[in-house]
């Protein structure tokens, strides 16, 4: 039985004919399709990299156009993701209030909205930023929608590892927006986000693994024990912190960034090893405290990239 066939009675993916959908609520629903909270994290990595690339304050008009373009591109990717995943979203508690599940937006509207944002964002980047940034943004969108959502998500426990590449692209976009080229600094920060993504997302997946198991999505916490997942989190965390420290010896950052990277990275490793110790001890449920690392991961990436932006002014 497929996820769609097993959908509980009363859960609709499209509104009933004549369903009342207030215009204000409809606007909010279309905004929700873009997943604004996820996009906040993407922009946290984009704008600071522009400061590093400019070695100071970048052109503010360029920052604005890049930010808007990034929102449109990521929003389009997220809308298309919701269109593709609408069957399993209806079965998961965490996603049960998404616009396609509640019927506030129809699948056809969502698909058209996502495609429109993809086209508009690509043209926006090309005309107002540069075509390298446009190509990177389009590549990120296609990778997220096709490679992650369509090919990896429902097939492999390594889905978030390789699918996370799309979430690394804003770093490259921010750098290319300023310089119209890429450099090792951008590649290093890309790698930081690449190794950050699994230990950021797996703790959340541990919390909601029953949701994923119900719809047959093989997230690592679904197919492996907490002990195995925690070990993987620790391994990725150590690599992430090590990679974050490469910027300074290569001459891209100075003492301030290094201090923040060491302190925040040390705190991250403390939390990661704490989770591993609890998992080894067989702790389950609320006492596992896996969400502590999830929340800290957001603080960590915010602090690290704030340091990326501030460091050029202190050298």
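In case you wondered, yes, glycine gets a Cβ from its N, Cα and C as well.
Quick caveat, the model's predicted, so the values are computed rather than measured.
Annotated features in Swiss-Prot:
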type: REGION; residues: 1-22; note: region 'Disordered'
type: TRANSMEM; residues: 38-58; note: transmembrane segment
type: TRANSMEM; residues: 60-80; note: transmembrane segment
type: TRANSMEM; residues: 100-120; note: transmembrane segment
type: TRANSMEM; residues: 123-143; note: transmembrane segment
type: TRANSMEM; residues: 159-179; note: transmembrane segment
type: TRANSMEM; residues: 184-204; note: transmembrane segment
type: TRANSMEM; residues: 233-253; note: transmembrane segment
type: TRANSMEM; residues: 255-275; note: transmembrane segment
type: TRANSMEM; residues: 293-313; note: transmembrane segment
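Recorded stretches compared: 38-58, 100-120, 293-313; the one with the most Cβ pairs under 8 Å to the transmembrane segment (159-179) is 38-58. With pairs at least 6 apart in sequence, the transmembrane segment (123-143) and the transmembrane segment (38-58) have fewer than 3 Cβ pairs within the 8 Å limit; the two do not touch.
The stretch in 60-80, 100-120, 123-143, 233-253, 255-275 that contributes the largest number of Cβ pairs under 8 Å to the transmembrane segment (293-313) is 255-275. Sequence-remote contacts of a segment are chain residues at least 6 beyond its ends whose Cβ falls under 8 Å from one of its Cβ atoms, and for the transmembrane segment (255-275) they are 199, 203, 230, 233-234, 237-238, 240-241, 244-245, 247-248, 288-290, 292-293, 296-297, 299-300, 303-304, 306-308, 310-311, 314. Using a Cβ-Cβ cut-off under 8 Å and counting only residues 6 or more beyond its ends in the same chain, the transmembrane segment (60-80) has close neighbours at 33-35, 38-39, 42-43, 46-47, 50, 110-111, 113-118, 120-122, 124-125, 128-129, 133, 137-138, 140-141, 144-145, 149, 166, 170, 173-174, 177-178.
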